[in-house]
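Undergrad: Mind having a look at this structure? Questions to follow.
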Amino acid sequence: MNMLPTLTLISLIILTSPIMLSPLRIHETRNFPHYVKMAVSYAFMVSMVPAMIFMHSGHEAVISNWHWMTIHTLKLSLSFKLDYFSLIFMPVALFVTWSIMEFSLWYMNSDPYINRFFKYLLLFLITMIILITANNLFQLFIGWEGVGIMSFLLIGWWYGRTDANTAALQAMIYNRIGDVGFVAAMAWFLLHSNSWELQQIFLTVPKGNTLPLTGLLLAAMGKSAQFGLHPWLPSAMEGPTPVSALLHSSTMVVAGVFLLIRFHPLMEMNPSILTLTLCVGAITTLFTAICALTQNDIKKIIAFSTSSQLGLMMVTIGINQPHLAFLHICTHAFFKAMLFMCSGSIIHSLGDEQDIRKMGGLYKTLPFTTTALIIGSLALTGMPFLTGFYSKDLIIEAMSSSYTNAWALLITFIATSMTAVYSTRIIFFTLLGQPRYPTLIQINENNPLLTNAIKRLMLGSIFAGFLISSNLPPTTVPPMTMPHHLKFMALAVTLLGFALAIELSSFTYHLKFDYPSHTYKFSNMLGYYPTIIHRSPPHYLLNTSQNLTSTIMDLAWLEKSIPKSLALMQKSASTTISNQKGMIKLYFLSFLISLTLGLLLII
């Protein structure tokens, strides 16, 4: 078991080598992206060895400590926790990133700053690995903030576009709201347990304490885009497609769920936090599934499906099954990265067109991408014996036998069936029917960088679920065996979604709305949430500040206080000290009457 830290460290050294060799100016050469891709592939191969050793060893965790510094009574160490979660997630993240980097060599080929782009992708991956291997809150916070700042830089990669800048700022602001909860939880743990080591926190913190767990839940809501802090996730589609694939598959968005999995020993004895997590996840998965139904941007549909799956992971943690949430994180990474890469292939082939209404008939011109997109969509919906089935089936089985919050579980079932609806919609609009794009577009997918990357993820989307689930040790008591009619519920929910999608598409194919319905507008405008939150408060605050400045500064001080008040004071003073009333017209009239009478008497 002493080999585990060494092999993991070797994997990290291989990963960081392209950055460590910066003094040699290697990052200025044309081959730097290939060096980075090779480093990630070698790191993946090395990381498979400790994962295999650990799975067959039967150990619970291996912890490596290097003392760093002591501040009064607080001891800070570089501490790595190599347990099932970190050692399984590392190869998954490295494998997916390897494929994404190979895809980026094709997709970002014409970008003049491709070397910097690959360096950012590599740093993004390194900070995520720091986060998952951390054994104390200090290291975890470094990884947490690292993925945050790298997401900001990558979402705003095309900084010449206003939308990209706005999306990057939006991601940063929403994550700062979540970070408030994380920092508050860190402060609470330091105050009450005098340590940031996870084992000491689990031993010393009372199990029923809700305050720090609320902070951690807020942090997870911000990072994993749960309802209320969700708008940044679809906006992040303004970044390049490889960024979307990496962001949504194995790095930033799953960091919040991973944080709650790490702290599940505290959460499992706290029913109020579990219920809150369950309700937040259920609302998120339903709301984002509804929003995905009417979107027309192919990347935004896949982004909302990510948010819906994150809600499902939160529901799984809420029913006290963190190992199933982790299994879904791992399986979800493969097919979600592949779906984004397929959408990138379509967008690139159609001249940066992202509207699914302007696609169609691509199954003839892009057969390989079509195959991958259909397999990815089926895996996302939970089709039996594809990767997504092994996690979604277990999650729905656990939900069916759970006794908490029937309404939350019911809306999660509804949202799961909607997964099949929007997946079918993507297939129907992009691949089937007649072409709706300009005829002079040159479509070509015969590039090894594209096909090899998608092939690897396609194999992962078929076989990875079986391999990971067969080596999954449950961290909590698994649900009991259930009757066959409940066992087939996952398949029934998926088939119901497919049937509903086909029925709706055939029913509404020739249907034209003069005015969109309220339900359609609610879904298409994202529940009016961006309008209410992003426009109304700024409008109200700007109006208030303008009124205050114009009323207090201009009207009160510059107008009423000095000029008008001086005139008013002089007028009232002259009125007070004067003998006459100042009625000039009356005086002239009396003078005229007297003059007239005098003239009449004289004449």
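Glycine is treated like the rest: Cβ placed from N, Cα and C.
Feature annotation from Swiss-Prot assigns transmembrane segment to 38-58, 87-107, 140-160, 171-191, 241-261, 301-320, 331-351, 366-386, 409-429, 457-477, 488-508, 583-603 (among others); the stated evidence is sequence analysis.
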Undergrad: For the transmembrane segment (301-320), what are the same-chain contacts with Cβ under 8 Å, counting residues 6+ beyond its ends?
TA: 220, 224-227, 230, 233-234, 236-237, 244, 248, 253-254, 256-257, 260-261, 264, 267-268, 274-286, 288-289, 291-292, 295, 328-329, 332, 336, 339-340, 343, 356, 380, 392, 395, 398-399, 402, 404, 408-409, 412, 415-416, 418-419, 422-423, 425-426, 476
Undergrad: What stretch in 38-58, 87-107, 171-191, 331-351, 488-508 has the biggest tally of Cβ pairs under 8 Å against the transmembrane segment (409-429)?
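TA: Between the candidates 38-58, 87-107, 171-191, 331-351, 488-508, the best contact partner of the transmembrane segment (409-429) is 488-508.
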Undergrad: How about the transmembrane segment (87-107) and the transmembrane segment (488-508): at least 3 CB pairs under 8 Å, pairs 6 or more apart in sequence, or not?
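TA: Contact between the transmembrane segment (488-508) and the transmembrane segment (87-107): absent, because fewer than 3 Cβ pairs are under 8 Å.
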